[in-house]
């Protein structure tokens with residue numbers, strides 16, 4: 001899952017474009033759950049994902065976008081929809097490039 | 001096999017000792033650490049001890065995310081050890097080893113020898129009668145059963161079993177222990193499977209039989225039980241969460257003690273266990289868990 005992108009040219013903190021993150025997350029969800037999801041769909045509504053899957057999302061975001069999710073950010077509402085996760089990655093300044101840089105340490 | 005006791009520890013509270021660093025032991029340890037209690041986790045496997053801190057950290061993050069820990073609370077200290085004598089000085093002991101009555105009794109006997117008489121001994125079991133294990137310890141009045149659900153740090157209600165020889169002091173101590181862990185205990189009488197497993201396990205076993213017969217697949221059985229009956233998880237997903245090896249062990253305990261054929265482990269369940277398909281913890285059971293390397 002580690003991104004080995006070496007596009008370190010993107011300025012730190014500027015983050016990645018939202019459609020790119022949303023597409024990547026929708027692809028991740030489709031691959032993991034074998035079903036398709038909408039960007040604004042509640043993943044944890046009745047019949048949806050379990051709380052144990054939520055931690056898989058946390059780890060996925062951390063690895064893919066080089067962010068650390070802790071404190072008040074570590075709440076289920078931030079992972080409830082793809083849109084919410086995109087907002088969180090933006091807020092934390094995450095990008096695939098920063099994940100590559102972190103992985104190289 | 002580390003026992004990183006820290007002399008600068010200002011935490012004067014005696015540790016809660018948890019024995020067995022498997023699915024339940026690490027989850028119970030996380031629950032206690034997350035509620036600020038020092039925990040000493042004992043497992044004879046050095047690999048299990050080495051892996052425990054990271055597993056517990058993952059449990060704690062999950063618990064935090066779900067709002068299941070006290071807000072702003074500080075964590076208790078976690079230490080690990082390889083032998084039961086490390087239970088000496090325990091505030092209370094929770095045994096969470098494999099659901100094998102003989103092994104549980106043997107471990108409880110070793111733990112009882114290490115602690116002060118009067119120390120609360122808890123067996124975390126889904127169905128082994130407490131009275132069966134009481135014969136293995138010198139002070140059976142100190143022993144009670146607590147059936148924690150998985151994941152222990154998310155499910156607030158637990159089944160508490162007072163055996164015929166469980167004492168009043170132990171009943172009080174377990175109530176206080178659970179209060180300190182933010183759990184609500186519901187007390188029931190002793191007997192194979194207590195209440196929850198006696199009712200649940202025959203249903204899980206039968207759901208597996210439905211799949212074996214080919215009447216319906218796991219997704220279909222679970223969908224019906226969830227959407228028609230209101231079962232939150234579905235029986236096959238629940239079996240995967242419990243762990244299929246553990247479920248087979250528990251069914252065997254029930255079958256041997258009741259003679260009820262409904263508890264004879266389904267051949268499909270046994271076949272999955274033989275293939276190493278143990279459910280969520282192994283990445284495959286009735287479902288596939290395609291989750292990288294992080295299965296809490």
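Cβ atoms are placed via backbone N, Cα and C, with glycine included.
Look at TrEMBL and you will find B:20, B:21, B:22, B:23, B:24, B:25, B:43, B:99, B:104, B:126, B:150, B:281 tagged as NAD(+) binding site. Residue B:24 (NAD(+) binding site) falls within a helix when secondary structure is assigned with DSSP.
Looking at the domain '3-hydroxyacyl-CoA dehydrogenase NAD binding' (B:17-190) alone, the prediction's average pLDDT is 96. If you look up TrEMBL, you'll see B:17-190 marked as domain '3-hydroxyacyl-CoA dehydrogenase NAD binding'.
According to TrEMBL, the domain '3-hydroxyacyl-CoA dehydrogenase C-terminal' annotation covers B:193-289.
The secondary structure of residue B:147 (site 'Important for catalytic activity'), as reduced to three states from DSSP, is extended strand. Taken from TrEMBL, the feature site 'Important for catalytic activity' covers B:147.
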Q) Using a Cβ-Cβ cut-off under 8 angstroms and a sequence gap of six or more, which residues of the chain neighbour residue B:150 (NAD(+) binding site)? A) B:23, B:24, B:27, B:241, B:242, B:243
Q) What is the three-state DSSP composition of the domain '3-hydroxyacyl-CoA dehydrogenase C-terminal' (B:193-289), stated as helix, strand and coil residue counts? A) 65 helix, 3 strand, 29 coil
**Q.** C-alpha spacing of residue B:104 (NAD(+) binding site) relative to residue B:147 (site 'Important for catalytic activity'), in angstrom
**A.** 14
Q) Relative to the Cβ position of residue B:43 (NAD(+) binding site), how many further Cβ atoms are located within 10 Å? A) 25
